[in-house]
Amino acid sequence: MTIFPKTLMLLGSGELGKEVAIAGKRLGCKVIACDRYEEAPAMQVADLAIVLDMNNHNSLQKTIRDYKPDVVIPEIEALAVEALKDIEKEGINVIPNARATAITMNRDQIRNLAAEKLAIKTANYGYASNIEELKEVSKKVGFPLLVKPVMSSSGKGQSLIKDKNDLEKAWDLAIKEARGDSKQVIIEEYINFDLEITLLTIKQSNHQTIFCPPIGHEQKGGDYQCSWQPQKLSFDQLKEAKSIAKKVTNELGGIGLFGVEFFIRGEEVIFSELSPRPHDTGLVTLISQNLNEFELHLRAILGLPIPSIECVSPSASRVILSQESFAKVAYKGIEKALEIQNSKIMIFGKPNTKKGRRMGVSLAQGKTLEEARFKADKSAKCIQIFEAKEAQS
């Protein structure tokens, strides 16, 4: 039987980490929220906030050793993963495990694991370490294609390229936006898909793997814009998606919730990416499911039962993006947004913003997916983001 309270350390304290922290507090856990900047969203609901450079091996290792949490929960990719491997050897539980965290932060490693080791269908791809290699690989992959940094997150540094004339610009952007010292890009065939989905996959300590109903989503520049649930798939499509998700997560090992992304093209199910943590497209589960993805993640981590996962209503989400950069932020239109029946607004509480930064999300239920998506879109459009002093004048 699990003894509470547990101490959870979040590595990354953004909006997803905030919901993990809230789920943890509801179970009586102590939450330590870490990030590179003050007043990050999860810090606002945690017992303790720590600002540090999580890419610094010694700093990250010392922080974990000093506080000795029961569980370390990475929420972002930008981490000194070698430090996590050392900590894991000392008996501290890293979720899902240090190896999975390392593999999934690098597009080349997770792609090689899926396509080469596990023989899973993916887009055609190749790698380049300089502009000349990029030009050569592009000839083999064929246009249109995508150029992405091997290490980045939230679509940063991605370009859709239709011909060779834009390759140098794509290279420059990818290297500029790459995380860490990586100077490598992945070149991917552009899949003319019918649909993109996320299959939230939960690996439990009892060795069972369970799934949430599929989530449909749209991205722009590789970054989530809206999502909806449940997304209908054929019997064969869902069976294949579950089979692939289970195969990849079994290879990675560990416990917790994984966000596994797929392209759907006709009856084809094509593996895209994987995150070993709650997924941004899964924010819709805060209104669509009996247990949201953050609660499911923690139940799996802490060895707690998950009797069932049910979709309670057709539901949708739409991100609320800032159009400008502000040192301090204020909002208008929340009253208008909340006039929409069966809708919610979540403001993440980020202390400042820049153009295109995700500052909140609207959530809505409907009798149909179409109604839910319409309401979520309408609600999000109500929210205006201002510089704080301007909004308060």
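Note: Cβ is positioned from N, Cα and C throughout, glycine not excepted.
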Can you tell which of Glu75, Glu240, Glu310 Swiss-Prot lists as binding N(1)-(5-phospho-beta-D-ribosyl)glycinamide with Glu15, Leu16, Asp280, Lys350, Arg357, Arg358?
Glu75
Test of understanding: give the count of other CB atoms lying within 10 angstroms of the CB of Lys350 (N(1)-(5-phospho-beta-D-ribosyl)glycinamide binding site).
20
For Glu261 (Mg(2+) binding site), list the number of other Cβ atoms lying within 10 Å of its Cβ atom.
20
Could you state the CA-to-CA distance between Glu75 (N(1)-(5-phospho-beta-D-ribosyl)glycinamide binding site) and Glu188 (ATP binding site) to the nearest Å?
26
At the Cα level, what's the spacing in Å between Asp280 (N(1)-(5-phospho-beta-D-ribosyl)glycinamide binding site) and Glu261 (Mg(2+) binding site), rounded?
11
Check the binding-site residues Glu15, Glu75, Glu188, Glu273, Asp280 for other C-beta atoms within 10 angstroms of each C-beta and report the one with the most.
Glu75
Given the binding-site residues Leu16, Gly155, which one has the fewest other C-beta atoms within 10 angstroms of its C-beta?
Gly155
Suppose you look only at the domain 'ATP-grasp' (112-302); what would the mean pLDDT be?
96
